[in-house]
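Remarks on the structure that follows.
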Amino acid sequence: MIIKDITVKHQTVPLLVPFKTALRTATEIDSISVEIQLENGIKGKGAASPTYVITGDSLEGIQAALQGPIKLALVGEDIRQFQKLLKKIQSCCIHNSSAKAAADIALHDAYTKLLKIPLYAFLGDKQPISTCMTISVDTPEKMAEDAQKSAADGFNILKVKVGSIPELDLERIKHIRSLIPDRVKLRLDANQGWTPKQAVQLINEMEALNFGIELVEQPVAAHDWEGLKFVTERVNVPIMADESLFSAKDALKLVSGRYVDLLNIKLMKCGGINEARKIASIAEANGVACMIGSMMEPSLSVGAAAHLAAAHPNITYFDLDAPLWLSTDLDVLKYSGQEVFLSDLPGIGEITVPISK
C-alpha cells in the first residue's frame, strides 16, 4: 500500500485564557497538521506545534522539514514496511523533533486505519486515563482561585506552574492549598526556574508544611544534570525530568545514573510515538515510572499521546489537558472532569461530541 502524497497545513488557534510558565506566556498556538495519503484513499493525520523555548523548533522549520526531507523519505514507499518508514523519519534529517513527531503520528494513524484498529490496540492496551489540570503562573491569589475552580470541576491532581519568581512560589502554594480540598494533590513544575539549592530549600519547606506535593518537575536548568541529581538526592518528594529528556539516550543516562525519580515523555521532544515507546520501556527496565505530557498543542497530537499512555504499562502519570485550553480544535479526545476518553474508531479516531470545557 503505497504512500501517494503528503500535505501540510498551518492554523492559528487562540487560547481561552493566556497560558503562563516560567519560560513563556502564550495566547495562541500554531498548529501544523500533516496528512499522509495512501493509494487506496486512506488518510493518516498528525500534528505539531512549535515551542521555541523547549524544542527550538519554529513554525517555518517544522513546515520545511515536513515538506522537504520527510516527504521525500516517505512518498512512494509501502506503508506496510512500517518500521523501516519510522526509521526513515528519524534519519532523513537531524533535530526537528516536532516535525518528526507530526509525521510519526500521521504514519501511525494511517497504518492503524489500514489495519482497521484503534491506535491504542496496535500499541497494546487501554488503561483508564485521568489527567491533571495545569494552573499557570500568576499572582498567589489568582492561582488559588484557578485551583479552587479546577478542584470544583473534578480534578484531583493540579499541576502548578512555578519558578518565575522563586521568592513568590511558597506563597503561591500556600494560597492554593488554603482553598482546595485535602484530596487534591499538587504537582509542581518549575520549568527550570530554580537553582539546585533553591529547589532543595523550597521543596523541603513545602514538605514540612504538608502541602501534599506529589512530585516536582524540572526544578533546575535542562543542561544541569548534576543539579538534578543534587536535588533528587536531598529531598523526599519525587523529582521528574522534562526539558532534560529528549531522546532514548537521554532516558538511559537519566535512569541508569539515578539523576531523577521520574521521566516526562512528550512526543514533540522525542520525535513521535515510536521514540516515546523506547523511552518508556528503557525507564521500565530500570524501575522508573513515566508521565506522558504535552506542550500547548492541538488535540490531534495530544490524542496520539493519550493512545500511547493508555497502552504502555509504565506510563502511570498523565498530563493531557492542553486541548481544554484551546478555543476551537478537532475533537480527538473527550473529557469529563479529569477523565479522558479515547475513540474506538480505527487510528487516532475522532469524538463526535464537543469537548467538555
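Placement of Cβ uses the backbone N, Cα and C atoms for every residue, glycine included.
Keep in mind that what you see is a predicted model, and the values were worked out from it rather than measured.
Annotated active site, proton acceptor per TrEMBL: LYS161, LYS266, in sequence order. Residues or ranges marked as substrate binding site by TrEMBL: ARG24, THR134, LYS159, SER294, MET296, ASP319, ASP321. According to TrEMBL, the feature Mg(2+) binding site maps to ASP189, GLU217, ASP242. If you look up TrEMBL, you'll see 140-238 marked as domain 'Mandelate racemase/muconate lactonizing enzyme C-terminal'.
The binding residues for substrate are recorded as ARG24, THR134, LYS159, SER294, MET296, ASP319, ASP321; their greatest pairwise CA distance is 19 Å. DSSP assigns ARG24 (substrate binding site) to coil in the three-state reduction, outside any helix or strand.
For SER294 (substrate binding site), the number of other Cβ atoms no farther than 10 Å from its own Cβ, over all displayed protein chains, is 26.
Taking the C-alpha positions, the distance from ASP319 (substrate binding site) to LYS266 (active site, proton acceptor) comes to 10 Å. Other than ASP189, GLU217, ASP242, the residues of this chain whose Cβ falls within 8 Å of the Cβ centroid of the Mg(2+) site are, in sequence order, LYS159, ARG187, LEU188, ALA190, ASN191, VAL216, GLN218, MET240, GLU243, ASN264, GLY293. Listed in sequence order, ASP242, ILE292, GLY293, SER294, MET295, ALA305 are the same-chain residues six or more apart from LYS266 (active site, proton acceptor) with CB atoms under 8 A from its CB. In sequence order, PHE19, LEU158, LYS159, VAL160, LYS161, ASP189, ASP319, ASP321, TRP325 are the residues near THR134 (substrate binding site), counting only same-chain partners six or more apart with C-beta under 8 A. Within 10 Å of its Cβ, the residue among the binding-site residues ASP189, GLU217, ASP321 with the fewest other Cβ atoms is ASP321.
Put simply, GLU217 (Mg(2+) binding site) is 16 Å from ARG24 (substrate binding site) when counted between their Cα atoms.
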